[in-house]
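Asks: Structure below; questions to follow.
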Amino acid sequence: MSAPILEVEKLSKSYGGVHAVRGVSFTLAAGEILALIGPNGAGKSTCFNMLNGQIGRDTGSVKILGRDTTGLRPREIWRLGVGRTFQITATYPSMTVRENVQVALLSHHRELGRLFGFAGARHRAEADRLLGLVGMRDLAERPCGELAYGDLKRLELAIALVNEPKLLLMDEPTAGMAPRERVALMRLTATIAREQSIGVLFTEHDMDVVFEHADRIMVLNRGSLIAGGTPAEVRNNPDVKAVYLGEGSVYGGEAAA
Amino acid sequence: MEFIVVQFLTGLASAASLFLVASGLSIIFGVTRIVNFAHGAFYMLGAYVAYTLTERFEGFFGFWGGIVAAALVVAAVGALLEIVLLRRIYRAPELFQLLATFGVTLMVQDLVVMIWGPEDLVGPRAPGLRGAVDILGLAVPTYDLFLIVLGPLVLGGLWILFHRTRWGVLVRAATQDRDMVAALGVNQTWLFTSVFALGIFLAGLGGALQIPRNAVTHLMDLSIIVEVFVVVVIGGLGSVLGAFIAAVLVSELNAFGILIFPKISIVLVFLVMACVLIVRPWGLLGRPEGPARQPAGLSIRPWQPMSQNQRLVMLAVVVAAGFAPFVTGDYALTVLAEIAVFALFAASLHFLMTVGGLASFGHAAYFGLGAYGAAFATTMFGMPMIGSLLLGPLLGVAGAILFGWFCVRLSGVYFAMLTLAFAQIAWSVAFQWVEVTGGDNGILGVWPASWAASPAAFYWLALAVSVAGIVALRVLVFSPFGYALRATRDSALRSEAIGIDRSRVQWAAFVIAGTFAGIAGALFAFLKGSVFPDNLAIPMSVDGLVMVLLGGIETVSGAVVGAIVYKALAIWLVSQTDLSKLVLGAIIVLLVVAFPKGIVGFAEDLLARRRAKADDGGAAARTTPAKAPAKAPAATSGSGAAPIAAPKMEAAR
């Protein structure tokens, strides 16, 4: 197997006296889909934002494609080939759907400093190809500000793909979506990840999504990893049941039984 | 040594009034999130009303009763203003609130002159506190000592009010989370009114207490509001204790600055403010703001470049404008040239404000610097006009590079206040550095070259430069850089995540806007043949803001229409009435409340609605939106300012 895309070692962060994340280590391989789950306040978002460069870490190292990311800002980490979607979508409401993708493409090609020439005519075909990939080709001309929430999530995925990322970071990619949309979006993500051998790390509260699509699951509780492994291993782990999944429901149990 | 002590005490006494006014502004902002530009106007009203009352009722009770009664009267007027005007704009973008309260300031200025006359008025001394106390051999007025004690007393009183009364607890809760307080069943409407009345009471009291110390003038509102802005920005918006500390700091800086650095005493305060903001962007005791409200200029209707037909129409308009010298006289041509200059100025501000979402309240600084640059080049270095027009704006560019670097670190209200502060610095340098700038007398003799000296020739020059500048700005809007700028406005988070360096992009936009403003300023210098500190003063900045707003903040080039209408209206008003400020202020208020999308925005809405009715995707050739003469009070009343309310429309082709 080739070198891992993401190597996280002993990552820690505390806010005042609260240890939000302590000593988290894991790796992620190309084409692998890894879920990070845990109860509210477990440190998932803190972890994510440290990987992304949005907040600094206290100790530990993060390597992306073998490169140390200490001190890099989010925009520099993006240049390494990392795509990102947000828990609460962040798009440009004053632009059309296609323009949203075009801005990212212009940035990827380092053309945003140009002071003339009509930007709306640049990288049009490539933007449409990416929109087609997430099934939004016919929404390209729509103002982004009037999209339904599920469509915004798909748009974010298209934007995340513009720099041909090797790593995708998705913070609750299906939050706020209808059940049918959730499955569709994750299936799409999985297909793209496998085809382009992108490593995907995502957090999620919907266990149907997690257990159906993740190759591997890590469970975070109070800042520490308490379990990790295949969906089947995690499902039957008594610690995980105690702190998060609970005893009653056994997700995807029939399939495993 | 003795002198220093006395000077220190004088500073402390001045701090009292400043603190009263600033704490009022801070309290109002904390709860309502409105930066009340009219606060200085209420301070001034307090002084005038106190003057009248203390003149009529003499004696001990007459004086002190008059002071308190004046503050109460002003508070009642403030409550009325809140009920009539502010309730309609609580949900509007900050810019609109600042502008509406500025409109009120303008109106009060004319009203005060109407009622009390233009002369300075000297009030009575305070009964019982007329004498002086001997401190270290120097006489200190007893009244000053009274003020020094009063400041901390009011601070303590406010603390008790906010921490030991039910009302105070509600106010503090509302400061933290308005919506939650509303959800808990508290009648917000009256809570807001009472908070506003309290803040205005403090402003009125601050003004009333000044009458034994200073003459009452109709110019005291603008001078105090700038100082108060500085105080609350240094202390932290919403923090009363911060306002107290900063008021003392600013007053002492003023008291000693005049001794140590008489040349730069005004600059000193602003320098301190800039330093504080760089180290602590939210002031000494302020808290970081939550995610900003919707930035100005965000339109739900994606912009598109002009179609071929629209371009032809615009070309026809410009060509028609070029024929003006054949049909009008010299005076009209001078007016038209001035309008052309301001169209470029407004377009440059519009680029920063609408495309970049950065509402600058000090854009005149770059206009004025460009004007001074041109004047220096002409009078000091004997440059020909073309050389001055090319070199002059560079001073504006330099100012924008320097100030912009600091400003783009902030956003929202703080950005507005810092730009205002930098503009005031530039103004005070122009005002105080008499040897170079001529101070209040300005620089005269900036006449155009002989080939451009006739009104017609200069008009053509102004028109050509202005049109070229506006076209260049429009090209920029649709260039990749324009998209990057809009991206930083729409979502800072997403922009960072796709590799856009927000502060660099915004800095560049700041410099671009400053450059075009500087070009307009250089033209203006030659148009008038002179430059004055007024060219970079606050009223000039606000003129620019009103032009942008009047034209339509969500449009691509509405500012041009706004500049034409506003400038023509202003020149006409001045010739028609002595109360031009009153009318202008009323127009601004009306615009914000009833007509927040401006002329072009309104016209576009009408077009969109008509097209939606026609309801076939392949709508025929567009008529030009820019020229539709919209009549004012058509939009629904209420808080319509939120861009979300815009009718939806297909970006169809």
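Backbone N, Cα and C define each Cβ position, glycine as well.
Pulled these features from TrEMBL for this protein:
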type	residues	note
TRANSMEM	B:34-51	transmembrane segment
TRANSMEM	B:63-86	transmembrane segment
TRANSMEM	B:98-118	transmembrane segment
TRANSMEM	B:138-162	transmembrane segment
TRANSMEM	B:190-212	transmembrane segment
TRANSMEM	B:256-279	transmembrane segment
TRANSMEM	B:312-333	transmembrane segment
TRANSMEM	B:386-406	transmembrane segment
TRANSMEM	B:413-434	transmembrane segment
TRANSMEM	B:457-485	transmembrane segment
TRANSMEM	B:505-527	transmembrane segment
TRANSMEM	B:582-603	transmembrane segment
REGION	B:616-653	region 'Disordered'
COMPBIAS	B:617-653	compositional bias 'Low complexity'
Asks: If we call contact 3 or more Cβ pairs under 8 Å (sequence gap 6 or more), are the transmembrane segment (B:386-406) and the transmembrane segment (B:312-333) touching?
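Replies: No, these stretches are not in contact.
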Asks: Which residues of the same chain, at least 6 past either end of the transmembrane segment (B:413-434), have a Cβ under 8 Å from a Cβ in it?
Replies: 35, 94-95, 98, 226, 229-230, 233, 237, 263-267, 270-271, 273-274, 277, 281-282, 289, 358-365, 368-369, 372, 399, 403, 406-407, 440, 533, 536-538, 541
Asks: Who are the chain neighbours of the transmembrane segment (B:256-279) in space, where the CB to CB distance is under 8 Å and they lie at least 6 residues beyond its ends?
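Replies: Non-local partners: 7, 11, 227, 230, 233-234, 249-250, 406, 409-410, 414, 418, 421-422, 424-425, 428-429, 431-433.
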Asks: When each of B:98-118, B:138-162, B:505-527 is checked against the transmembrane segment (B:457-485) for Cβ pairs under 8 Å, which one has the most?
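Replies: Answer is B:505-527, with the largest number of Cβ pairs below 8 Å.
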